[in-house]
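Trainee: Below: one structure in structure tokens.
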Amino acid sequence: MSSCNFTHATFVLIGIPGLEKAHFWVGFPLLSMYVVAMFGNCIVVFIVRTERSLHAPMYLFLCMLAAIDLALSTSTMPKILALFWFDSREISFEACLTQMFFIHALSAIESTILLAMAFDRYVAICHPLRHAAVLNNTVTAQIGIVAVVRGSLFFFPLPLLIKRLAFCHSNVLSHSYCVHQDVMKLAYADTLPNVVYGLTAILLVMGVDVMFISLSYFLIIRTVLQLPSKSERAKAFGTCVSHIGVVLAFYVPLIGLSVVHRFGNSLHPIVRVVMGDIYLLLPPVINPIIYGAKTKQIRTRVLAMFKISCDKDLQAVGGK
């Protein structure tokens, strides 16, 4: 960009630095993962909404999680695929800020829902007699609203902080989509407020959530170890396995990506970009698989849907 400007910049997305010639082929596994994520999460939302036996807090939170994963992956994947297959590298300043907001806000909302699910497990195991009173459907809906408001309020300032900056030198983003850290690095201005607020928001949302999730499981483990029989302990731990898997799938890539963004300047840019793409696609892909494999009602409904579909196909073939 030849001159400084504030709000009329057009950014250019590189994709995966060093692998530009392979973008066309890289797009196919990304599309496959996106299709799996869309299909799996839509199935979860449909089954939880239509299966009355799943209208319990844990599964309502799971439905919220699936909806967030759908929104998070859809906020980036269409543009990534357009970049990889049609060389659509340009993204307007406003579109970049909008994408940035949704990526960060939806991640914060998902973190809050994971905390709520940990609280649900804590109450169910440590205070089972109070579970129905503490976490009814009304409270569950209120927690969902709080999660949306919390994530939106904490990360709404990020686009505003970017808007105050001037961009004079490069408009090239070494990434497949827009995130605060990468856009901020292109600015020709003091970015200290952006750095401080971005780090503060992450610590106050994800940091606090991780702390309370860890505390919940510390209390859960302490309670479970006091159970008299091995079968009771195994059953109690079994109700937490799916949630632990989902928590690890979300936070491990997120923490790794945050560390690489802030302290991995010596690493090749390809590492940061690939980790970013994995972070956006891994949870939406594996969350439905984790909960589908562990939840009998979801597993049964999915198998029944496939059986009905196969029976109809066989009848159609037989009719011919």
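The backbone N, Cα and C atoms fix where each Cβ goes, glycine too.
For Cys96-Cys178, the entry in Swiss-Prot reads disulfide bond, with the evidence type sequence analysis. For Asn5, the entry in Swiss-Prot reads N-linked glycosylation site, with the evidence type sequence analysis. Among the features that Swiss-Prot reports, topological domain 'Extracellular' is placed at 1-24, 75-98, 160-195, 258-272. The topological domain 'Cytoplasmic' annotation in Swiss-Prot covers 46-53, 120-138, 217-236, 294-320. Look at Swiss-Prot and you will find 25-45, 54-74, 99-119, 139-159, 196-216, 237-257, 273-293 tagged as transmembrane segment, backed by sequence analysis.
Let's see these features in context: how buried, what's close, how far.
Mentor: Within 10 Å of the Cβ of Cys178 (disulfide bond) there are 26 other Cβ atoms, across all protein chains.
Counting same-chain residues at least six beyond the ends of the topological domain 'Cytoplasmic' (46-53), those with a Cβ under 8 angstroms from any Cβ of the stretch are 59-60, 62-63, 66, 297-298, 301-302.
In the topological domain 'Extracellular' (75-98), the DSSP tally of helix, strand and coil residues is 16 helix, 3 strand, 5 coil.
When pLDDT values are averaged over the topological domain 'Cytoplasmic' (120-138), the model yields 91.
Counting residues per DSSP class in helix, strand and coil order gives 14 helix, 3 strand, 19 coil for the topological domain 'Extracellular' (160-195).
The DSSP breakdown of the topological domain 'Cytoplasmic' (217-236), given as helix, strand and coil counts, is 16 helix, 0 strand, 4 coil.
Panel annotation: around the transmembrane segment (25-45), residues 16, 19, 62-63, 66-67, 69-70, 73-74, 77, 80-81, 84-85, 277, 281, 284-285, 287-289, 291-292, 298, 302, 305 of the same chain, lying at least six beyond its termini, place a Cβ under 8 Å from a Cβ of the stretch.
Residues of the same chain lying 6 or more positions beyond the ends of the transmembrane segment (54-74) and with a Cβ under 8 Å from any Cβ of it are 34, 37-38, 40-42, 44-45, 47-48, 102-103, 106-107, 109-110, 113-114, 116-117, 120-121, 124, 135-137, 139-141, 143-144, 147, 246, 280-281, 283-284, 287-288, 291, 295, 297-298.
Long-range contacts of the transmembrane segment (139-159) within its own chain (CB-CB distance under 8 A, at least 6 residues past either end) are made by residues 57, 60-61, 64, 97-98, 100-101, 104-109, 111-113, 116, 180, 194, 197-198, 201, 204-205.
Same-chain residues lying 6+ beyond the ends of the transmembrane segment (237-257) with a Cβ under 8 Å from its Cβ atoms: 65, 107, 110-111, 114, 117-118, 121, 124-125, 206, 210, 213, 217, 220, 224, 272, 275-276, 278-279, 282-283, 286-287, 290-291, 294-295.
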Trainee: Specify the count of other C-beta atoms within 10 Å of the C-beta of Cys96 (disulfide bond).
Mentor: 24
Trainee: Residues of the same chain, at least six outside the topological domain 'Cytoplasmic' (120-138), with any C-beta under 8 angstroms of its C-beta?
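Mentor: Here the qualifying positions are 55, 57-58, 60-61, 216-217, 219-220, 223-224, 236, 239-240, 243.
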